[in-house]
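What Swiss-Prot records for this protein:
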type: ACT_SITE; residues: Ser159; note: active site, proton donor
type: ACT_SITE; residues: Tyr174; note: active site, proton acceptor
type: ACT_SITE; residues: Lys178; note: active site, lowers pKa of active site Tyr
type: BINDING; residues: Thr31, Ile33, Asn107, Arg140, Tyr174, Lys178, Ile206, Thr208; note: NADP(+) binding site
Amino acid sequence: MPISVPQATELKDLFSLKGKVVIVTGASGPTGIGTEAARGCAEYGADLAITYNSRAEGAEKNAKEMSEKYGVKVKAYKCQVNEYAQCEKLVQDVIKDFGKVDVFIANAGKTADNGILDATVEQWNEVIQTDLTGTFNCARAVGLHFRERKTGSLVITSSMSGHIANFPQEQASYNVAKAGCIHLAKSLANEWRDFARVNSISPGYIDTGLSDFVPQDIQKLWHSMIPMGRDAKATELKGAYVYFASDASSYCTGSDLLIDGGYCVR
């Protein structure tokens with residue numbers, strides 16, 4: 001059966017996430033894509049399960065702040081996404097604590113700082129296992145629940161690096177993993193067509209602190225290659241996550257949204 005048309009017709013209702021339960025992986029930093037995606041969903045009324053790998057204190061702090069500020073239920077969970085059993089347990093625990101999962105934002109990831117000849121095999125595997133296999137693990141774990149409930153929205157954080165090969169830095173493993181995430185979203189949009197929507201978001205250079213190790217001259221070169229001439233703030237991505245999480249995007253599946261300041265048009 002096709003996914004039904006929402007009953008709401010006004011934008012304020014279509015964008016509302018009141019009564020929805022949203023999982024966001026990788027939301028333990030003070031700012032960052034996952035944290036801002038979670039905040040955006042909380043602003044629109046969603047109850048949240050946010051995850052961390054090693055920064056328990058940061059995740060607990062974010063959960064407390066969002067709950068108090070937006071008046072929603074927020075709980076932090078530990079989950080190492082490259083382990084399927086942990087993703088499965090995460091979904092089961094959230095269902096036990098919240099009753100259901102409506103939206104899963106698969107955001108946890110790892111960057112790379114070298115090419116395949118200068119990296120070890122272990123470094124390659126670590127990026128692929130976290131960024132691509134980790135996304136698969138999350139998707140499968142929640143997809144079974146979506147299929148059972150016959151509803152759901154999966155939003156995958158990919159990257160503009162899934163569309164292009166970045167210059168001048170070498171990061172083949174990351175580029176390959178993120179290209180895989182984009183195509184995984186498209187494949188699942190078809191596979192899950194009867195019960196859930198699947199979309200991806202491909203950010204460009206975002207000022208989250210993850211690229212602080214990159215020399216300033218290289219970062220200046222990046223900016224010269226971006227039509228808008230700057231990095232984005234993570235807050236500039238919130239609207240995209242709320243859109244894909246909500247009924248405002250009810251006829252949208254298999255889409256990838258580039259948010260890169262125009263980088264990929266050059």
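Glycine is no exception: its Cβ is also placed from the backbone N, Cα and C atoms.
Distribution of Swiss-Prot features across the structure.
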{"residue": "Thr31", "record": "NADP(+) binding site", "contacts (Cβ under 8 Å, 6+ apart)": "Thr208, Gly209, Lys233, Ala234, Thr235"}
{"residue": "Ile33", "record": "NADP(+) binding site", "contacts (Cβ under 8 Å, 6+ apart)": "Gly26, Asn107, Thr157, Pro203, Ile206, Thr208, Ala234, Leu237"}
{"residue": "Arg140", "record": "NADP(+) binding site", "contacts (Cβ under 8 Å, 6+ apart)": "Tyr84, Cys87"}
{"residue": "Ser159", "record": "active site, proton donor", "contacts (Cβ under 8 Å, 6+ apart)": "Tyr174, Lys178, Cys181, Ser202, Pro203, Gly204"}
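The highest number of surrounding Cβ atoms within 10 Å, among the recorded positions Asn107, Tyr174, Thr208, is found at Asn107. Across the residues annotated as binding NADP(+) (Thr31, Ile33, Asn107, Arg140, Tyr174, Lys178, Ile206, Thr208), the two Cα atoms farthest apart lie 28 Å from each other. Secondary structure at Ile206 (NADP(+) binding site), taken from DSSP and collapsed to helix, strand or coil, is strand.
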